[in-house]
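Inspection log for the structure reproduced underneath, given as structure tokens.
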């Protein structure tokens, strides 16, 4: 059965040629059903049992779980099937045609991160999966680039408890054991419109927001002073004011003002605690102007994540790669997988190429990635 698998580069080519864009804007959002069908067929050909799982609350999106072996524990290799949208005017190549040039593989998803599944399939084509002593699971998730709905749903519904998991995000084969979380909120102030010639007849939402921003900046300074994790390049929680809009005319008292902001918490900081700190910071404004200020989520929050540095997974991977694990400021699906088992983020390609025009993966990653997957499968599923 295994000899029916296409060559590595043809698997890669087929994955890139199958669009699976995730976007909050409905006109850009795409189902990943075709890509899931491709993966399900290939893993079935390798002898895996394959389950396709609809993801609730999405626009026709699916997870795929391929499993082989029996018993408890084992290894989970996982990644997301979706990509970000692309700016056609900034790409010099067809995003959906895998192009090899100057020791690089170009295409949307080559690094982030559909290509990871080509590496898994290629590494397993010569493995007799019926002889594994522990289970091997391959998970392909949906909607990582927007809501992380696939990983959230899987982690909430699965009974699986592998020994460990590896998420193949592009880390330049540098193992990552911790990252910050992400909370994005909209602060909305409702004023009362009126003619600017008589300020007393209205409530200016921009002025109230100015007061609110002052308190938010105090919270930012407090987070920086109170919380530290020196392994991060930015060793404290960050708070960013990303977008503000209010009013519609210079001669009209502003009736509504909105601020979009985010906080990136350190591992160990709970989302409930952070929301409480934000509400406490804004309490003076709310008390002075009852009913005029609200805070709501822009996107589902992502907690910070950390894999214990002394876990066997960390020790094994550090030994195989000859390098220490690191921490990063960006987010992945790791917090959700970590609820099931100790998890590392580790994959080919550079995060610097993610979400960029002319995205590419350097071919120098091909051999070591295939070897790494072979080694971790052997260690965690054969011993």
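Glycine too: its Cβ is placed from the backbone N, Cα and C atoms.
What Swiss-Prot records for 82, 144 is active site. Marked as Zn(2+) 1 binding site by Swiss-Prot on the basis of sequence analysis: 80, 112, 169. Annotated Zn(2+) 2 binding site per Swiss-Prot: 112, 145, 355, in sequence order, evidence recorded as sequence analysis.
Mapped onto this structure are the features recorded in Swiss-Prot.
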residue	record	DSSP class
80	Zn(2+) 1 binding site	strand
112	Zn(2+) 1 binding site	coil
144	active site	coil
169	Zn(2+) 1 binding site	coil
355	Zn(2+) 2 binding site	coil
- Note on the structure: Given the Zn(2+) 1 site 80, 112, 169, its other Cβ neighbours within 8 Å of the Cβ centroid, in chain order, are 79, 113, 116, 144, 167, 168, 170, 332, 347, 354
- Message: By the count of other Cβ atoms within 10 Å, pick out the sparsest of the binding-site residues 80, 355.
- Response: 355
- Taking the mean position of the Cβ atoms of 112, 145, 355 as the Zn(2+) 2 site, which residues outside that list, in the same chain, have a Cβ no more than 8 Å away, listed in sequence order? 83, 84, 113, 354
- Across 82, 112, 144, 145, 169, listed as recorded positions, the smallest other-CB tally within 10 A is for 145
- Note on the structure: Between the C-alpha atoms of residue 355 (Zn(2+) 2 binding site) and residue 82 (active site), the distance in angstrom, to the nearest integer, is 12
- At the level of the C-alpha atoms, what whole-angstrom distance separates residue 112 (Zn(2+) 1 binding site) and residue 144 (active site)? 11
- Message: Return only the integer: C-alpha distance in Å from residue 145 (Zn(2+) 2 binding site) to residue 80 (Zn(2+) 1 binding site).
- Response: 8
- To the nearest whole angstrom, state the Cα distance for the pair residue 82 (active site) and residue 169 (Zn(2+) 1 binding site). 12
- Express the distance between the Cα positions of residue 169 (Zn(2+) 1 binding site) and residue 144 (active site) as a whole number of Å. 11
